[in-house]
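Here you go, one structure.
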């Protein structure tokens, strides 16, 4: 990392970071009075003061991809928000993690956009805004967000989120709901967005740079006028969008009117009358409901969670669209049965890759087999955090008992004891939860990350404990660490030997060069 004084044309300090630096944030953090330059590389965060002294150090879960500093909890001190390749956003209060936010892809950009609020961008084209721990909104594009910046584009006193995309698109969205307020297009991908008083007239402009060197500046009060100039067909585009919306609403209204006509003219039984091929629109009983259930399938070959959709009568489910973060490619999936297997139920197989809570948004097409048009039923199903664990009710081989454990000590009198075993549907490993009569709670697993998630979910989120006396032991992880340290020692020894050999050879080369020069002068060559 190099700190350079541009005005005086001198280097302030230079520090070598062996793991590299993927992101840098400059400012004050926590109670540290000096401003620091914090560099994030391979899991490690290092902070340097103006003299280059290492004043801050901590680690995170994976390679660091984005950093930002701002006060997220109104305590008067800055927190460090870190994005990494393991899909997590972590908020650090000095060197301790305050909380984590899980996303669906690697975090590429972070930017504060208001009081207690920050924006983020993911590698899959997602852009969103968090207010503390609550996500306000998110959108996804087929293009990747290259740069995000906070700027008041309409001069209303409230900053908007300005996003530059790999397609050259530039847009500004409301911080509250993500509504597009301003947009423009450049001929090439956006490289960076910033804001400065470029004209030295006291007005801060939004400055956008593209990868081919094009630079554009935007003045807040003139942005609306500029958009009208850049897009002369904006009225035609707006009219076209309104006409399309009108056509969709007209079609929907016509469908409702025909369904009402069919209901009034036909004699429906209590279970409803199936539509015939001659019917243009399919009517279904008014009491039709769509129900859902989650079933754990712990098969030996392929384990998964089954989302079962069912109707309450003889109507059929033609197809279903499921929207969920991080489960499907593209965050959505269309499921339908074979033509000869369509009935009143439909199964969707789910395999969440991580233990995070998810909301499944389902849209199902319900009707009859002979229907030409179907009714869309919508529902939302919550998928719990540890849904990929199945409770074992039969005796299990003790040799599979996990060696690692976390022991939480909370002395209580007359505490009820229990012991439950669970199996992970991902890898088949065991998870044991035990509690004795003295109130000692033990989590047995060989997965250190899983143990941490359980402690955080149970102790912090559910029981809301502020202090918990606990101990942990993971012998397999310790053994792996010893192996890695042994390899590091061997590599370090080889490195030192190579360094010594290089020094010896360098000395020999210098001596031979002197002899060669003497021989040249004496004409002995």
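Quick reminder: no glycine exception, Cβ is built from N, Cα and C everywhere.
Unlike curated entries, TrEMBL annotations are predicted automatically.
Since this is a predicted model, take the numbers as computed values, not measurements.
Grabbed the feature section from TrEMBL, which reads as follows:
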type	residues	note
COMPBIAS	256-266	compositional bias 'Basic and acidic residues'
DOMAIN	1-27	domain 'Ciliary BBSome complex subunit 2 N-terminal'
DOMAIN	66-173	domain 'Ciliary BBSome complex subunit 2 middle region'
DOMAIN	301-386	domain 'BBS2 GAE'
DOMAIN	408-459	domain 'BBS2 platform'
DOMAIN	475-524	domain 'BBS2 hairpin'
REGION	256-283	region 'Disordered'
The domain 'Ciliary BBSome complex subunit 2 N-terminal' (1-27): which same-chain residues, six or more beyond its ends, come within Cβ distance under 8 Å?
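For the domain 'Ciliary BBSome complex subunit 2 N-terminal' (1-27), the sequence-distant neighbours (Cβ-Cβ under 8 Å, at least 6 residues beyond its ends) are 35-44, 46, 48, 50-52, 54, 63-69, 78, 80.
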Over the domain 'BBS2 GAE' (301-386), what is the model's mean pLDDT?
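Per the prediction, mean pLDDT sits at 88 for the domain 'BBS2 GAE' (301-386).
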Quick one: DSSP breakdown of the domain 'Ciliary BBSome complex subunit 2 middle region' (66-173) into helix, strand and coil?
0 helix, 69 strand, 39 coil
